[in-house]
Amino acid sequence: MEWIFNDSGFGAENETSLVPQLVSLPLRDVIMKVNGTIILLLALAGIPNNILNILTFSKLDINFTIKISFVFLSSVDLCSSVNFAFLAMILLDMSRVVELPVDLQNAQRLAVPVMFSLSALGSWDTACISLERCCCVVFPTKVRNIFTRKITIALLAGMLLVQTTTLTINMASIQLIVNNTLMNERPKLLVSSSIVDTIFVSLILGVSTIPSLICFATITASTIFLAVSLKKRNKWLNTMHVLPDEVIDKNKKLVRTVVAMATIHIACSLPAVFLILTFLTCHHLNPLDKKNEHLSHVLATVVIIFQALSGMVNILIYFQTNAQFHQSLQNLLCLASANT
């Protein structure tokens, strides 16, 4: 998507430079330097955090459907962190903080679709987790028959297949070449397809963005419902004398974890939702319009910061709200320390 990061490089005059911009190039570069550094730090922190999440959840003695959902979410966040680190390097290169051996600004054609697809996967998984907890409140005796292993795996695998297919189609429409004709300039990665934007926008909007918005609405409604129902649900569980106290306690902690995780997801998704809705409803802010290009760069970096933050802080939520995760993570870290 050209409105994310598109520039001609160091000291070059391009079409954008001839069009009056809502945000000046020097101001854009300053903001991108700061935001690019923040994104890189968050991404680098998110990589080990999500590896620990995957290892810890894999060892937890919890319901299989919940375990696989949290492992899947942590895996998506891990991939997102790697992708954000790559995008951060493009940002820092564009704003002249670093100079990569090859000008990779057009590599956004690869990284940005991945970012949208991973965001859709994370939103889908979070929505499934929230809905599963809501079913525990509404249908406490039937929830295991609703969210079975097969259904959970099918839901996650289905969305993964959709996003993978979308990425494959998008990548197949892109031809990247390295232009090295000018000896006094570094090589530059170029896009040689004239229909990339049409395919890109239609695929990303229809298959990634719209499902993400639907999932966002679902997560918001589910979280409100869970937060309001938490006290009532706890009272109901206390009346179920057939359930051991430790089972009741586990359910309470799991609901708190889901509510906290979903709340962070909602808060960190708000900038992206606001930006998407603004672009869809305000035609004078068309992101493909050259005069809005620098502004789009700035807004995109803000969105990425919040998305990178969402994937990085989940481990803190799990650690603070779930004693079982807390203990398992401590055991894992102690084991790793003893082996070294």
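Using N, Cα and C of the backbone, Cβ positions are placed for all residues, glycine too.
Feature annotations, reproduced from TrEMBL:
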TRANSMEM  30-52  transmembrane segment
DOMAIN    49-318  domain 'G-protein coupled receptors family 1 profile'
TRANSMEM  64-90  transmembrane segment
TRANSMEM  110-131  transmembrane segment
TRANSMEM  152-178  transmembrane segment
TRANSMEM  198-228  transmembrane segment
TRANSMEM  258-279  transmembrane segment
TRANSMEM  299-319  transmembrane segment
For the domain 'G-protein coupled receptors family 1 profile' (49-318), mean pLDDT (0 to 100)
80
Sort out the residues at least 6 away from either end of the transmembrane segment (30-52), same chain, that have Cβ-Cβ distances under 8 Å to it, and list them.
74-75, 77-78, 80-82, 84-85, 87-89, 91-92, 94-97, 297-298, 301-302, 304-305, 308-309, 311-312, 314-315, 329, 332-333
Is it the case that the transmembrane segment (258-279) and the transmembrane segment (152-178) touch, counting contact as three or more CB pairs under 8 Å in which the residues of each pair are 6 or more positions apart?
no
Cβ under 8 Å, sequence separation of at least 6 from the ends of the transmembrane segment (64-90): give me the contacting residues as numbers and ranges.
5, 36-37, 39-40, 42-44, 46-47, 50-51, 53-54, 57-58, 98, 100, 104-105, 107-108, 111-112, 114-115, 118-119, 121-122, 125-126, 128-129, 132, 147-149, 152-153, 156, 254, 304, 307-308, 310-312, 314
